[in-house]
């Protein structure tokens, strides 16, 4: 008898039979199960054993039994697993297809030109979402965080760093200890020194005592010692290592020779840079005034290391020590004014030419006259010295070649018909310019005239000779400058633009700088004959240019009858600064001559009317080793 039948019969029996306590209890349980069964018909299946595991003898069957449910669930599970397998296969197939497409795209990408690759990447990034961009960043960023320099052999790392500017080297030295050690390497800084043509320099001068300690302003001379530092120069050293900045700024408390002990070539480079800064805009380290020759004109000026030689129309020459600021020797013997002089390459011998028609050879150390060379019949106006061979030009129209060791005349060159004003000599060929409007090229060994260069229409006053390229440049009173090829004896360029006599010229490579009596300085390219710059404007000289010096740092110093010395940037054609201004300038004070070394400028000063004493002004641009 089933549970349901029993319950139904129990209900009918309860209304007709006698009810015992036990039967009442059983009926109560049946009623409870019956009510639950009624509910289960609406929600599913039910088993009495679910509520009461102690209940036995009763079993309630629902419309959907547990066996049927398990079978459906099993079938559904199989269907789900089958669906998963199908989805997995589709996913693998799709992924494989994507990989093939990506592989094809990458292969095509490699065949693109560099520009097309950049465009493709740009377009691809443009299609990416923000999440894609973040992912790209996470992939790319580690490549920029690798210390690739440290992974390279040291020699290659140094070679890579050679392509950096000194400013960048200073910055990367702050990155880590390894990079700092590389930035201090001698080989690196030797390369940097070679780039700026710095090989060796004299020891820093000691020009802070004696006459160097005296101010020049008390002598009626304004030494223009300061110009504001350009902003780009300040930025160049902003943020650098404090020691580097201290070394460069030259503060008194900077430790001396610390950098020199770590890297000789770096110290040399930094010293060189500071010297350049001193020339351009920093306060001068010192200035000095050396008085001599009374009120006479200083006609010639030579400099060799610490020695300065002046010649004057007072018939004497003087030898000065720049560091000690004293006159070492006064050379006497000429009976007429000295108008030309030369100093040997070793600094041990001086030669001089005079209006007394003689040439003298002097010992610098003792001041003794070694030889008096006679033969010219008029003023010896020009000379050039090469080892033990001296070439002199005279107003007697002749040129003489001398051996200064034994004081003999080797030969006399005749050909000019007017005074010889300038000569050049390379040891093999002699070039002469004269008042007969011509330039002549001579063979020194035979004395034969190789070429007579004609084309000027007035006196030739100045010459330059580049023997390696067989180039001669001549300046004339006809206002022109001519460039000659002396191998063929032809004029290659005629430079026009000046309005008067070209008083001085200097050549560096293809760049020619000329100073003129018209008060202008011009910068030329001798290959195409074009004037690149005319240095004039509001800072121009107010009178004739008397002398110029082409400095090693891309600057040119010029002097004038207006009593000033100015500094110009040749590459940019710009005024840089005034160095000297005479208070007597404009009323007779004049700067006649200039000579320079990498660290010093010497100015020969005076006047022709007594308004300015004859003197030398020495300007020091030196710097210590850091």
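Just so it is clear, glycine is given a Cβ too, placed from its N, Cα and C backbone atoms.
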For TrEMBL, the entry region 'Disordered' belongs, out of 54-89, 90-125, to 54-89
Run through the repeat 'WD' (538-578) and tell me, per DSSP, how many residues are helix, strand and coil.
2 helix, 23 strand, 16 coil
Can you work out which residues elsewhere in the same chain, 6+ from the ends of the repeat 'WD' (413-452), have a Cβ less than 8 Å from its Cβ atoms?
378, 381-387, 389, 391-401, 458-465, 467, 472, 474, 476, 478, 484, 486, 489
